[in-house]
Amino acid sequence: MSLITRLLTASSPLRLRAMETMSRAGYSSHAKYAEHRPIDKIRNIGISAHIDSGKTTLTERILFYTGRIVEMHEVRGKDNVGATMDSMELERQRGITIQSAATYTLWKDTNINIIDTPGHVDFTVEVERALRVLDGAVLVLCAVGGVQSQTLTVNRQMKRYNVPCLAFINKLDRMGSNPYRVLSQMRSKMNHNAAFIQLPIGVESNCKGIVDLVRERAIYFEGEHGMNLRLDEIPQDMRVESQERRQELIEHLSNADDTFGELFLEEKPFTEDDIKAALRRTCIKRTFTPVLVGTALKNKGVQPLLDAVLEYLPNPGEVENLAFVEKEGQDPEKIVLNPARDGKDAFVGLAFKLEAGRFGQLTYLRCYQGVLRKGDNIFNARTNKKVRIARLVRLHSNQMEDVNEVYAGDIFALFGVDCASGDTFTTNPKNNLAMESIFVPEPVVSMAIKPNNTKDRDNFSKAIARFTKEDPTFHFFFDNDVKETLVSGMGELHLEIYAQRMEREYGCPVTLGKPKVAFRETLVGPCEFDYLHKKQSGGSGQYARIIGIMEPLPPNQNTLLEFVDETVGTNVPKQFVPGVEKGYREMAEKGMLSGHKLSGIRFRLQDGGHHIVDSSELAFMLAAHGAIKEVFQNGNWQILEPIMLVEVTAPEEFQGAVMGHLSKRHGIITGTEGTEGWFTVYAEVPLNDMFGYAGELRSSTQGKGEFTMEYSRYSPCLPDVQDQIVRQYQESQGLGQADKKKRKN
């Protein structure tokens, strides 16, 4: 503390102001949160990261400092209350976030809508949904773990939706924390043009505060829960480093921003406002990532992070949101939605999440244009169904606040709206508007599921109906071959969570079978077909002929199915073409080699023939069935399997054992790195070989190793693996035994 500050503190009754101390009361407001605000006073942000990086703890601190909650609770707190945003009992028990939760709060008279998202890879669709409707994000990184597998996934998702972000290096208080290593990983692994705008004053148990490089001041967090901020001079032993890091920040900004670059070349001194303006411009354009530091658990660095959200992340008016106008026979026309909060344009909103609440189905929406009031009618652009708005609510985790109207930029919820995730709503059905939908990854793991008691079947059906509607990555189907019900999802944890929710929320205990991999079947090369379906034995008959070719799609599209109508003339009348496509898609549900779905195939219908009386859509559908059976016999087929990106971290002495086990599981090592007695290995391993790996890793590393994995792509199986899958399928169908009998005879 400087001498002048000390004298002022001792002598003046206004000593808090002299120390430039700020309490949360000066920042937050207990005014009505849902009141209408100008567009520059709104931020829509998400908090995303790898599992256990401290996202939910950070959100809890944000809500506390902004006056939204009166006391803080920890994620796995001893008081058994749990974090505010983890409202589901399972979330509090496991200490993980399963669903993204929405809330809103006020900071310096700005309304901040926050979505806290899961970090676990099995719930990645929750992150997709959140990022689709946000204008900015806070990417939380652990000061020890650094850039981990799910961090890279979230980074890819942010890139897909062009979401500007701030990076917050959390957990400075942990043993082994090294924010400088995390910054270098951000640059090397994530290709971010990133630099510190804050530095830690000490790490681990010596974490005292932070240095603000933009304002060139030290910030200390004092009082109960770090509510009072004291600004002081930068400590003597950090001045050289602070100057060097500030210069580094200026150089990175000058490379990313032309206006700032000109000032840099002219060698003019930079003001605080120059740097802040450049940070805002580059952050919104995604050409630079400001890096902040702190420890949410120890209440340090959260208030400056909130300031940065206001200063550097965009308001809804600074983000360009597009919609597509469907035109018959033409490509959709792109139009830019008007973000002004004046209600002059027709309402346009996107449903990004469905949830069955206590009062019926809850639909989360983001308003992109216009205004929506209670009593208005809106139309679903996909189904054209009309819905009357009886109730509008804003959400705070699992609590609600009724509002009379919402404007462009607001996140809100409706009751009783029948729709799907990614549906567009508008007040003018003639607009033909549709917004870009949400990317949904394919499920990779299936398990057999059945209720323990037959009397619970009704509740089981209700639970399945609700969960499949809420979560597009959770699928349910009945397998006729083995006569069992199956659920599919993004991983074992994903399916286990739903099984537990069935018991807790519906009183329906269920049994899950062993996990099964979602293999796919595809063609190796093109295969032509010419099939005639003819059934004319008196009365109305059936006649259809189709000619064409089935061919593989490129490897990067091997999870898709395509149908192309290349017919010219009237040999195959246009009204019968949908029948051919329907037959193709029906047959694609079950392949010949292993009974799994077909994928990565293009069906090209080139020619055919019809009968003036006996042809029908049904006849052409059956012709497609026959043509595909013909291709099953004549084509070369192979099985595709899901490949996972696996990241294993363990003490150095176990490196050989870990790499040996991954190789044994047909893994391909893609990289390794080591720090301070620990190593991390990155590999690509078939999902089929990863079952049981958790136990093996625990036993081979004395319980010290941990791993994460996420879906990467589908790739052809090894020949011996394919032979084994085909043999097992044939035996399950009784084909193997029949062949053996034939051979004996």
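Cβ atoms are placed via backbone N, Cα and C, with glycine included.
Database features (Swiss-Prot):
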- 1-15: transit peptide (TRANSIT)
- 40-317: domain 'tr-type G' (DOMAIN)
- 49-56, 116-120, 170-173: GTP binding site (BINDING)
Three-state secondary structure, which DSSP defines for D52 (GTP binding site): coil
Neighbour count (Cβ, 10 Å) for D52 (GTP binding site): 18
L172 (GTP binding site) - helix vs strand vs coil (DSSP): coil
